[in-house]
Amino acid sequence: MRECISSATPTEEMNGAGNLMDFLDEPFPDVGTYEDFHTIDWLREKSRDTDRHRKITSKSKESMWELIKGLLDAWSGWLVMLLIGLLSGTLAGVIDLAVDWMTDLKEGVCLSAFWYSHEQCCWTSNETTFADRDKCPQWQKWAELMTGYTEGAGVYVLNYFLYVLWALFFSFLAVSLVRVFAPYACGSGIPEIKTILSGFIIRGYLGKWTLLIKTVTLVLAVSSGLSLGKEGPLVHVACCCGNLFCSLFSKYSKNEGKRREVLSAAAAAGVSVAFGAPIGGVLFSLEEVSYYFPLKTLWRSFFAALVAAFTLRSINPFGNNRLVLFYVEYHTPWYMAELVPFILLGVFGGLWGTLFIRGNIAWCRRRKTTSLGKYPVLEVIAVTGITAILAFPNPYTRRSTSELISELFNDCGALESSQLCDYINNPNMTRPVDDIPDRPAGPGVYSALWQLTLALIFKIVITIFTFGMKIPSGLFIPSMAVGAIAGRIVGIAVEQMAYHHHDWIIFKNWCRPGADCVTPGLYAMVGAAACLGGVTRMTVSLVVIMFELTGGLEYIVPLMAAAVTSKWVADAFGKEGIYEAHIQLNGYPYLDQDEFTHRTLATDVMRPRRNEPPLSVLTQDSTTVEDVETLIKETDYNGFPVVVSRESERLIGFVQRRDLILAIKNARQKQDGVVSNSVVYFTEDAPQIPASNPQPLKLRRILNLSPFTVTDHTPMETVVDIFRKLGLRQCLVTRSGRLLGIITKKDVLRHMAQMMNQDPESIMFN
């Protein structure tokens, strides 16, 4: 408390200023914070950080201790990145190992050590032969363990039944944990992360419980065999890690703008460990999720992604001493004529993306608007049951999606035992092992093609219904699987055409008989990129992720061609990717980067409209505490403009609702003489009031003296641009300094929806 001024002048005595205290000279808790489901004020956060930095710089000149504190503050950002990288890398490694083990647990168990997956179990066995490397006495399927038989109809049915039972158990456990402990742990998380990074507050979305439950249920959901991946949820997990470490440093915990810089870097670390693609992770954060991405955040994202990738590599979850599961080595270059099938795969990717987005959004909207949404557990159980029953008979859908993609990407070497490599060999072949010429397909390849075609139809349909259920569900791996299956089928078709018709003009120049011309695995890789691009509309980051994921640096041009084609085709049917579509479906206040081209003015959008009551305002020195409390009670606005008087309506500034509530509450508790009819004033000097009146309350410290204003004739194109680039919550509309109205972020979103012939109220978050 400030001491009372002893030598008060007669005027001060009349005003009661002798006892006056601007109690906000010493800030109290929660001023400048935001309520749940509100948007932050980026300009205010930036200004507060600049003030904090200025104070630290000036104090650092006073003593050695203050200098050390200043240096620690400067290095705290790098320390947070280090911690995020270490924790997200460790969690990703643990998730990978647990998924591997639990996926195999559906089929059998390792007798020598039950915590070993099938592959690890047979690695440790001395009785495994190279030809039967998937079979060893230590690994037994459930039916063999229970009945002692390895073959027969009864064995098949028992294995089938137990596979479905394990899948149902895992998915039931996942949905139950999400529902009871952390409802925010469901879904991909990327639409919400994008919204949070744009400045929206969703309390608890990045909390400790969400982190714990999302990590556990992600393992269960992926292991259940549902058509979903772990990549999107890993971005959410990494952002939860970022939020956790932000709370340890006041620099980030007390500034929502700075916190979002950390979360942008955490998103990069999430993609880095999801794909083993550190550079792709940084580009993904920049291209896909981040709203505000200064150069400093780019460096820190790079560091966090590096540490996360290094940590994952140290854990070595795939046992191949590589960061990625899909590492491939192709021995044949690609040829110009192959760009035609690559571009066709791009077209397929764009069409699949459009089909998926429309189908999934229609299903999710149905879930929201009908009684289907009331039974999330039942929905998950039903989809899991259908998935498991249809997946088991087909070997390509029974295995984990990651293993399927890995097999589809692989080139057929001399040591491959896959059905896809069942070619008819020339007995006179004397070439080196690495350069096997194109050969005619054997019966195994044709039977694999049928199974892959069925798997493709199954994946296309089931993924539409799986994404968006109340369990953690990523989209990257299922989309890549659809593309990889289509690509491998096209690759084999081109390969067989080149073999049987090498005299055709398109093959004559580059595919002579006996040469290794076509690599079907490359087509699978290009198809995967095309389908992922069609769904998410990523381009640059997608290509980088794909070549980091596979090590196929030589194949950037085919990947680029497919990614660009799929984006063009998908954009022809609708501009928004799956994440933007889900943001719109949930009504999150997110301003996308599309240009606003309509010729409307600020006066068309501002409130109040013609038939609405006048704008709720406060005057600078004639409003009482009771007036303010009544205004707060009767309205739900986030803030109020402050004017000189109701007659002149000359704008002074803007005050936030939450700050007003806290200020009055604290003043009543700590400042003597503040009663309901005390005058609230926002000026530097106290107003002229009789000495008999109660003590006035000075609230100038919570007043924003430089609110953003536009004139009533400012084009909405400019206003939208201002909101997007400065991250504003609201903007005041004036004419010659006189207040006319206000435009909030929600007003802008409603207007944009109206201009696109959508219902403006249906897109608002409730």
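Cβ from N, Cα, C; glycine included.
Curation plays no part in TrEMBL annotations; they are all automatic predictions.
As recorded in TrEMBL, the features of this protein are as follows:
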TRANSMEM  71-95  transmembrane segment
TRANSMEM  160-185  transmembrane segment
TRANSMEM  206-226  transmembrane segment
TRANSMEM  262-286  transmembrane segment
TRANSMEM  335-357  transmembrane segment
TRANSMEM  377-396  transmembrane segment
TRANSMEM  448-468  transmembrane segment
TRANSMEM  475-494  transmembrane segment
TRANSMEM  522-547  transmembrane segment
DOMAIN    606-670  domain 'CBS'
DOMAIN    703-761  domain 'CBS'
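For the domain 'CBS' (606-670), the number of residues in each DSSP class (helix H, G, I; strand E, B; coil) is 24 helix, 17 strand, 24 coil. Taking residue pairs at least 6 apart in sequence, the transmembrane segment (377-396) and the transmembrane segment (160-185) share three or more C-beta contacts under 8 angstroms.
Averaged across the domain 'CBS' (703-761), pLDDT for the predicted model comes to 88. In this chain, the transmembrane segment (335-357) touches the transmembrane segment (475-494); three or more CB pairs sit within less than 8 A of each other, excluding pairs fewer than 6 residues apart. Packing against the transmembrane segment (71-95) from elsewhere in the chain are residues 56, 215, 218-219, 230, 234, 237-238, 241-242, 244-246, 248-249, 251-252, 262, 265-266, 269-270, 273-274, 296, 300, 303-312, 314-317: each is 6 or more residues past its ends and has a CB under 8 Å from a CB in it. Within the same chain, the transmembrane segment (448-468) packs against the transmembrane segment (335-357): three or more Cβ pairs sit under 8 Å, each pair at least 6 residues apart. DSSP assignment over the domain 'CBS' (703-761) gives 22 helix, 19 strand, 18 coil.
Listed by sequence, the residues of this chain that lie at least six past the ends of the transmembrane segment (522-547) yet keep a Cβ under 8 A from its Cβ atoms are 271, 275, 277, 279-281, 283-284, 286-288, 328, 330, 334, 341-342, 345-346, 348-354, 356-357, 405, 408-409, 475-476, 479-488, 490-491, 494, 553, 555-556, 558-560, 562-567, 569-571, 576-579. The list of residues near the transmembrane segment (262-286) in space but at least 6 beyond its ends in sequence, with Cβ under 8 angstroms from a Cβ of it, reads 77, 80-81, 84-85, 88-89, 91-93, 193, 196-197, 206, 230-232, 234-239, 241-243, 245-246, 252, 292-293, 297-298, 300-309, 311-313, 322-325, 476, 538, 540-541, 544-546, 548-549.
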